[in-house]
């Protein structure tokens, strides 16, 4: 279910709001906010409050052609999106290496595994081998329900698919094998709280 | 001083060599190899040998215009290079968060501080506050000498510049305030060895 604040408007920190165009400024709900937007705000909150330093990596691009006009900035004239070989987010929390991927689905009964790639599953396995903390944050956008699933659990479902099993994780499976993240005021998606409980249980 | 192998040719792992064009395949020296190339090879070596998982982040790009031709991949038609808000490399080593920037200069008597940005110095300070390991790898390309300098040391020189002091770090200062990385066969730039000694001294 969607989560609404008293006046129906979600809080946006001043600094962030100013960066946006005046048109976007008058949005009064969370509709259209992507998981990425919410995570970026959360990470800014963590950084500003000295909780963690976690950033989204830039989108990997294959640059083919760049023009260098006189007296102005270089312009990329031809480039293509590349598939990421790692996950999108990483950083440090209490000295520990944190690494995760975030994906959302419009599907309301299961989470399609096609949202991930072999490279990413492989990458997360490497992180675990080196005592880092790796997980995925998945969002069912229809209900605005967000879960944190450990990379070990995701690997289990990935392997099942590779062995001919189902190509998605059912909502029931997600519920039983990951932690739901309660949506908050600020930070919006307080995933570090869940990471904390994972650390105290497993490390 | 430049470092040469018996036959004057540096070792290139098979898998990497195959990716290159036939023209590049017959290069017999390290001339033209950038610090980035050497670090990417080193990181691949670390990954393949289970030593560490460290990746270079993609170059941050501001995308302005994308075309979606029928039956082929999306083409970015207009984009610009953005200044990075973090450092270029990060990852995990023995559970610890590793973060660094790598820069080279053609200058042979000092290292210009204009190679770094306020954002990056700030970012590295945050990493240290969260018990991560942050440093810079700097290369004097004229001599092919490579040093690892802690972010604390770099901050010292940065502050000196901000207070009106010199805009570079002299070679003597670099020599006395950082560790020289001995260039090797494989891995090429074994910086993790230096990180190891930093960890055993400070943590």
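For all residues, glycine too, the Cβ spot is worked out from N, Cα and C.
The Mg(2+) binding site annotation in TrEMBL covers A:86, A:88, A:101, A:120. According to TrEMBL, the feature site 'Transition state stabilizer' maps to A:103.
Overlay of TrEMBL feature records on the structure.
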residue	record	DSSP (3 states)
A:86	Mg(2+) binding site	coil
A:101	Mg(2+) binding site	strand
A:120	Mg(2+) binding site	helix
(request) Taking the Cβ of residue A:103 (site 'Transition state stabilizer') as the centre, count every other Cβ atom within 10 Å, in any protein chain shown. (result) 18
(message) Around the C-beta of residue A:120 (Mg(2+) binding site), how many further C-beta atoms are within 10 angstroms, looking at every protein chain?
(response) 24
(message) Short of 8 angstroms on C-beta distance to chain B, which of the listed recorded positions (A:86, A:88, A:103, A:120) are there?
(response) A:86
(request) Would you mind reading off the Cα separation of residue A:103 (site 'Transition state stabilizer') from residue A:86 (Mg(2+) binding site), to the nearest angstrom? (result) 14
(message) Is it possible to get the count of other C-beta atoms within 10 angstroms of the C-beta of residue A:101 (Mg(2+) binding site)?
(response) 24
